[in-house]
Amino acid sequence: MKKILINFAHPARSRSLINNALRSAIEGLENVTLNDLYAHYPDFLIDVKREQALCEEHDVIIFQHPFYWYSTPAIMKEWLDLVLQHGWGFGSHGNALAGKLFLQALTAGGDDSTYQKYGYNEFTISELTSPMRATAKLCKMTWLPPFAVLGIHRGLRQEKVSAYAEDYRQAVIALRDETLDLELVKQSPYLNSNLSTAIRRPV
Amino acid sequence: MEQFLLQLFIFLAAAAIAVPIAKKLGLGSVLGYLIAGIVIGPFGFSMIGNVEDVMHFTEFGVVMMLFLVGLELKPSLLWQMRTPILGMGGTQVVVSSVLIAGVAIAFLPWQQGLAVGLILSLSSTAIVLQTLREKGLMDTSSGRSIFSVLLFQDLAVIPMLALLPLLATVPLSHDDGHHGSHLFDIGTLPGYAQVLITLGAILAILLLGKYASRPIFRIIASTRVREIFVAAALALVVGISVLMTVVGLSPALGAFLAGVVLADSEYRHELESDIEPFKGLLLGIFFISIGASLNFTLIGDEILLITGLVLGLMGLKALVLFVTGLAFKVQKSDRTLFSISLAQGGEFAFVLFQFSKTNGVLPSTTIDPLISAVAISMFLTPLLFLAYDKLSAKQQISGDTRESDNIDKKGHKVILAGFGRLGTDLGRFLMTAGIKPVILDHDAGNVDVLRKFGFEVYYGDVTRLDLLEAAGAAEAELLVITISDVEKARELVELVSKHYPHLKIASIAADRTSAYELMDHGVTVIRRETYGSALNLGFDTLKLLGFEPYEASRMKSIFQRNDDAMLSELHKIHRQDEENYVSMYQKHTAELEELMTLDKNNSSDELDKAWAPANPED
């Protein structure tokens, strides 16, 4: 059983229906650690030692956050800037993260059609998350396409929210139990594009 | 009495006229005093009587100066300096003595030659230290080298006093060769008792300084009568001098020791600022009397001899110093200063020549031209410093500038006025940032406790100008006021803005009214004493109620920012209310109302808009 760390960042959690739902879906799962960055560091003073220790203890690191300005909330950038130290996370002697799985779980306002070359946002989610992908590469981590919840501006119906939450829960469990076909998901734009086929059912 | 006052007036007036002129011309105060002495002396307007008596009396200024020097040298620092003191100082004194004696023996019997060599190897602590201080060179590497040598010379006077009588060759005209005091002559005691008494005296100074001085000063300080503290400080220095004279040691050395012992004391600044004016005055008059004692008739008659003596003396000593500097790896750029600054004869030469005369070591015919030569060499020293400044200034333009590392070393200089509960935490915080504030507090109890925890705390009333001066307000960057007594704080702000306009001020205020008062006096950085705790407690409250920590933190910051912004507006309203003679009670409630209204207007629209999902296509 793999250990999963979820670095969660939402500056106004009380206002986010979807992020709360996703979060509740995985909270309390065995071998899953939820690390709420804004709650831990309301003053942005990130405890680098604590964060590095958390990373070292886990095999999968998920960054769960709303997709603000095609990127992460501010504290997550601060986290990357401070925690991923040379000689620890990257560089010729920085192997602390090597081989771990890297996953972004993001929620975005526009739906899938807006994140296309001729759509409203003109770039795909894959293109827009390439900095994170490059980060994972530099840290010698195995990058997975993001778990994406799109189109939340239109307002998601409750059953849709629940469905996303359940997908997220299944994905996390599959990652934990190593029942997710990583090679298969790597071919899709999103980890949850075709989740049911990617998760191997126990025979 | 009238005669005395007249003499005093002449000395003081001469100093008051000559020193500002000399300073204006860039000659330094020492040269100013010397010139004043020549002008009022027997070869000028002949306005003063017995110069020698004045000189003897004012030699006491040297004692006070060494006490002050000691105060600035903690024992640990002195111990660190043991190598330069013994090494450089020892080399300089021994080699100079031998070489000068070697030259002198060509003209004099060997005993007399040796005596001359020993006496002339000494330099002028008074002139050199005064000049180094004025130029701010005491804290530089060359300043420390120079000081080490001077210190060794002061120590060397003691064995010299013991050795010189053994070199006596001249029959004494009358027998009052003993320099002992009239109070108590230990010369009548057997040898071992003399040694015991001498050691006992030094031990007494060390023990009293270490253990008894603090409680005594605390009691005196608690009377809060300023002159009593001054009296106690003077009594201390004078008492030590008397004690040292009785046991046959140099009073200057005793005072120096006492200073070192008291260097760790929280009353250091107080002592410093009390003794300083006396020292300055006495030394000034001492320099004047040196100027006045120049015997121009003799100099005129023996111009060649004396010129030769001066050049020979200074040349030889400078050479020895230069070689000493080379041997002890004094930096190249410092070597010249090191050599020229100590090339003169010193005030101890006057004392020791007098001593040699009364002990039948040297005849007057030998002493008189030598004394003139020493005085001239002392006179030339400030001129040499001046020439050095001009030359090195040129060098600096042409190349290396080393100013910055000096600034770097000293770092930020912060004076912390008041060290109560708030000051303690502030001080601790600053220390973690590597800033070591000079701390002033007038609560003797506080001072004691905090000292136990290793803080550098000094006792004194912060609104005293001389205490601020002693704490280094002239060089300091920032004054932090943590006194809740607004009257006192205001007084301090007024004093500082008048005398140290460069000094930045940050202050706490007990409440809003105090803050307004400080704002009236131009203080812009003001924090209310309990405000930070109130907001932090507010933050904790929100968290306990289940607010998200980050949101609570932002609410706190937003509130603080709005409150800061309101301050100047409230200040205005407060002043208007005052003009309208609103009663104190009404004013308080009116202000509360205004505060609440403003808070309402500041309702957190900002919070509502933050991170609210919105569709860009709408």
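For all residues, glycine too, the Cβ spot is worked out from N, Cα and C.
Pulled from TrEMBL:
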- B:411-530: domain 'RCK N-terminal' (DOMAIN)
- B:6-23: transmembrane segment (TRANSMEM)
- B:30-48: transmembrane segment (TRANSMEM)
- B:54-73: transmembrane segment (TRANSMEM)
- B:85-108: transmembrane segment (TRANSMEM)
- B:114-133: transmembrane segment (TRANSMEM)
- B:145-169: transmembrane segment (TRANSMEM)
- B:189-208: transmembrane segment (TRANSMEM)
- B:228-258: transmembrane segment (TRANSMEM)
- B:278-296: transmembrane segment (TRANSMEM)
- B:303-328: transmembrane segment (TRANSMEM)
- B:370-388: transmembrane segment (TRANSMEM)
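Contact between the transmembrane segment (B:303-328) and the transmembrane segment (B:370-388) is supported: at least 3 Cβ pairs lie under 8 Å, counting only residues 6 or more apart in sequence. Proximity of distant same-chain residues to the transmembrane segment (B:85-108), defined by a Cβ-Cβ separation under 8 Å and at least 6 residues beyond the stretch ends, is recorded for 78, 114, 116-118, 120-122, 145, 148-153, 155-156, 312-313, 316-317, 320-321, 323-325, 327-328, 330, 342, 366. If you look at the transmembrane segment (B:370-388), the same-chain residues 6 or more away from its ends with a CB under 8 A from one of its CBs are 26-28, 30-31, 34, 116, 119-120, 124, 127-128, 131, 135, 290-291, 293-295, 298-299, 306, 309-310, 313-314, 336-337, 340-341, 343-347, 349-350, 353. Of the two recorded stretches, the transmembrane segment (B:30-48) does not lie close to the transmembrane segment (B:189-208), with fewer than three CB pairs under 8 Å once pairs fewer than 6 apart in sequence are set aside.
Averaged over the domain 'RCK N-terminal' (B:411-530), the predicted model reaches a pLDDT of 84. By number of Cβ pairs under 8 Å, the transmembrane segment (B:54-73) is matched best by B:228-258 from the list B:6-23, B:114-133, B:145-169, B:189-208, B:228-258. Long-range contacts of the transmembrane segment (B:145-169) within the same chain, counting only residues at least 6 positions beyond its ends with a Cβ under 8 Å from a Cβ of the stretch, are 66, 69, 81, 84-86, 88-90, 92-93, 109, 111-112, 114-115, 118-119, 121-123, 125, 128-129, 132, 138, 177, 179, 248-250, 252-253, 256, 321, 325, 328, 330, 334, 337-338, 341-342, 346, 348, 352, 355-356, 359-361.
The largest share of C-beta pairs under 8 angstroms with the transmembrane segment (B:278-296) comes from B:114-133, of the ranges B:114-133, B:189-208, B:228-258. Distant neighbours of the transmembrane segment (B:228-258): 60, 62-64, 66-67, 69-70, 125, 151, 154-155, 157-158, 161, 179-181, 183-184, 186-187, 194, 197-198, 201-202, 204-206, 209, 213, 216-217, 220-221, 270-271, 274-275, 278; these residues of the same chain sit at least 6 beyond its ends, with a Cβ under 8 Å from one of its Cβ atoms.
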